[in-house]
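Visitor: Have a look at this one.
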Amino acid sequence: MTNLNFPYSLKTSHGRDSLLLFPTSGFQSKPFLPSSRGYRYSSGLIVRTQTLVYASSLSHGRTSIKQPREVQFSTKAQPVAEELVEDKLRDPQTSGDAIRQRFLDFYAARGHKVLPSASLVPDDPTVLLTIAGMLQFKPIFLGKVPREVPSAATSQKCIRTNDIENVGRTSRHQTFFEMLGNFSFGDYFKKEAIKWAWELSTSEYGLPADRLWISVYEDDDETFSLWHDELGVPKERIKRLGEDDNFWTSGVTGPCGPCSELYYDFHPERGTSDVDLGDDTRFIEFYNLVFMQYNKKDDGSLEPLKQKNIDTGLGLERIARILQKVPNNYETDLLFPIIEKAAELANVSYALADDSTKTKLKIIGDHMRAVVYLISDGVNPSNIGRGYVVRRLIRRVVRTGRLLGVKGDGMGDLQGAFLPILAKKVIELSTKIDADVKTRSSRILEELKREELRFVLTLERGEKLLEQMLADALLDTQGTGTAPCLSGKDAFVLYDTYGFPVEITKEVAEERGIRVDMNSFDIEMEKQRQLSQSAHDTVKLAVEDGANLAEDIPDTEFLGYNTLHSKAVVEGLLVNGSPVAQVSKGNEVEILLNRTPFYAESGGQIGDNGFLYMTEASTEQKAIVEIKDVQKSMGNIFVHKGTITEGTIEVGREVEAAVDANLRQRAKVHHTATHLLQSALKRVIGHETSQAGSLVAFDRLRFDFNFHRPLQDKELVEIEGLINQWIGDATILETKVMSLTDAKGAGAIAMFGEKYGEQVRVVEVPGVSMELCGGTHVSNTAEIRGFKIISEQGIASGIRRIEAVAGDAFIEYVLTRDNYMKQLCSTLKVKAEEVTGRVDALLEELRLTRNEVSAARAKAAVYKASTLTGRASTIGTSKSIRLLVESMDDVDADSLKSAAEYLVDSLKDPAAVVLGSCPGEGKVSLVVALTPGVIDLGIKAGEVIKPLAKSCGGGGGGRPNFAQAGGRKPENLLGALEEAREQLKNLLEK
């Protein structure tokens, strides 16, 4: 090898732009080998295709080295350098951010309204997470909500975990991805959708037309003709596929229609005969056009939809892979910087890594994007629902990182966490995807650190236990010819005790050729398993009766901000969900009005209560309806739910609507108090905390927020103090309507789970709080009168909940508590300020009394045990071993332990004592005590007590010399003791 001074500049023989050359090995200079992207290997030369180039084993025969500081490629290396220079000069318009923006601009220029991505937490009970771009438009497709714009374009964040086992193994599977989409709500249909998709692909993105293939539904001649006759795609590059591939359905019933997909051909040289579009080595499907033109009925028949819609999806990572000319989605600039960072922490080079290592790095890169965006959208790790998805992904990253050799934070701190370091890279890349991620970065990083360190605490023990379980599974089937299987019960122990997601257990087991019995695991999981697996892989739509009703009934005009009484016309009546013309006394009814002062439940605030009165011309009341709830349905139609208490109500008649003023005031007080509570929390525990849910009721308020620990008493006192100070300031609230952009620019906080239009209502307590809110509020903070926190508790990992009262509910709470205190003072015969001291004294007296009783019971048990020593039998031939197995009736567990300790001391070594008792109904206590001489024979107390406890319906364990257990089947005690006697007798005689 030649001693060189580095870096050297590198040029092709064509004299194109030079790059820097660094050594990786074989030189005196210190090796420098970060991970790299798009590497090439040729003639012993490894180069990186971004800014730097790395070389290994450069020999004189392959590369001529000339001073000063220049390396000329030989003929063999020229193609490598040429590709390298081309990569360096890559068009910035092919960056992931640029591709996204070009898509949105393309459709904006064609009349589409560009809308922001919806949250990953959908406002849809049929899906756990947002899995498709069309999800936020589902109510429009169903006809439940009128369209606000004729067409739209979005870049939607999506999460899918149904193919998680393929992540990193294939070139295209991901859990988190962006779906670019253009949507038409009855505005345009097939012709325009197909034309624009082709124009976007070939003209805007510059894809070669001869590399594009099309799939159409087998019977969709219209679509075939549009591609071939209108756009000139050759027939041989248009494939007719069946229902499974090219007919989209939302479910058993509902909107559906044929679809057409665009594929990119990486290897056109393979020709056009016997082509399989599903061949991942040749094709990638990147754009899907769904023509939503039918409604599928219960009998399976199709009827044309009145409004034909377009729903498309173009995978951003897929089109980026094509335009950036990289071999898979992971090596695009959307993902690869995260992978590079992971490789750096693992001290490996992606360029030089084997396939297994690359797969692990890809898994980390993909999953880190998913967990960062999920936590940003309010999903924290837990064992149920969405939280389980986050926890599963986080723990998969942690385990994968450990397999790669990442220790601690990967940067020298062995007690640190590496997920936050990777998350910073994800956050850095998030600006154009979701600007809110950066503002929530502190909470994201803290949650990831906490979850990783919590998992690491049990991971090592769990890994050791899993290794033992797998070894046992292999041993059990050795020589039997049957396939090894890990029991579902063992898998559940790993999940429940050690925090191992069963998917990780399956992965590790499958690496060893061992199957996991998932049927028995499902039984063990019960409700938790059902909840954690409730994610759906498809968006379910169904055209309901309400959709037809919505066509005839306009949105309800809400008057409740300014008045609690108004006249209104009955636009519709529903009984059990079906439209009717009239409803009589005694029936439950849902009433649709053209205008209303009643607030419909939204933003956490419950709906108003009150009455509807229908009168004759003479003002005589003809009907009275007591309203107990108001909900929004089919967009902005208010549904008043109540009971007819007098007369008959009819469609088309005028009614007098009257809101219960007292209950409305209670709701207003609690809603404004909720805003004050959020501001106080941000000031006391940090601005990174955010709302995770709320309830504004007549009797209380509830506020859920992101925080990693219980609040301290002094913090709760400070929060209450701030709120009551603001109440006392008697500040007048200000309410404005402005654009969403202006509101966010002014610093207004969005309420959790709410969707907003272009114009929003902003409620401000000047100097204290500013939030986007459509709820009802007091006009002056003095109306709240007082605020008191009732409770603060954790409801999920990283989620805390405060319940509080204000206004009349606050007064009622204080009076009730005062009454309790008076009763307590009377009972204890002390003043209020002396209650705490008196209770402490009583508790101490109780503790001493209990200790005395326990000591007396132990003495009684020992005395009873002393009468049993004569019943011990002598076992064994080489040395005499004393064995005593007895039942001690109703002796409690602690006293039973004292009796066993007395007996082993009395019987002397070697001795074995087994005692059982029934201390209460449905309870069994068991003790096994052994002396050293018995333990030396290989007998352990824990092994003796396990079958004994199992017979009594329980379990337990302990040390080799002493073990305790409990059970729930007293009726089996005597039989179990007899079995233990025989077991020990046989062991001791040997």
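From the backbone N, Cα and C atoms, a Cβ is placed for every residue, glycine too.
Residues annotated as domain 'Alanyl-transfer RNA synthetases family profile' in TrEMBL: 94-816. What TrEMBL records for HIS671, HIS675, CYS773, HIS777 is Zn(2+) binding site. The coiled coil annotation in TrEMBL covers 832-859.
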Visitor: Within the same chain, where does the coiled coil (832-859) have neighbours whose Cβ lies under 8 angstroms from its own Cβ atoms, ignoring anything closer than 6 residues to its ends? I mean 6 or more beyond.
Guide: 821, 824-825, 891-892, 894-895, 898
Visitor: Does anything in the same chain, at least 6 positions from HIS671 (Zn(2+) binding site), have a Cβ under 8 Å from its Cβ, and if so what?
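Guide: The answer is GLY604, GLN605, VAL696, LEU701, CYS773, GLY775, THR776, HIS777.
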Visitor: Other than its own, how many Cβ atoms are within 10 Å of the Cβ belonging to CYS773 (Zn(2+) binding site)?
Guide: 27
Visitor: Take the coiled coil (832-859) and average the pLDDT across it for me.
Guide: 89
Visitor: Enumerate the residues of the same chain, HIS671, HIS675, CYS773, HIS777 excluded, that satisfy the criterion Cβ within 8 A of the mean position of the Cβ atoms of the recorded Zn(2+) site; list them in sequence order.
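Guide: Apart from the listed residues, the neighbours are LYS668, THR672, THR674, VAL696, VAL763, GLU771, GLY775, THR776.
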Visitor: Return the count of C-beta atoms lying within 10 angstroms of the C-beta of HIS675 (Zn(2+) binding site), excluding that atom itself.
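Guide: For HIS675 (Zn(2+) binding site), the 10 Å Cβ neighbour count is 26.
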Visitor: Take the Cβ of HIS777 (Zn(2+) binding site) and count every other Cβ within 10 Å, whichever protein chain it belongs to.
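Guide: The Cβ of HIS777 (Zn(2+) binding site) has 24 Cβ neighbours within 10 Å.
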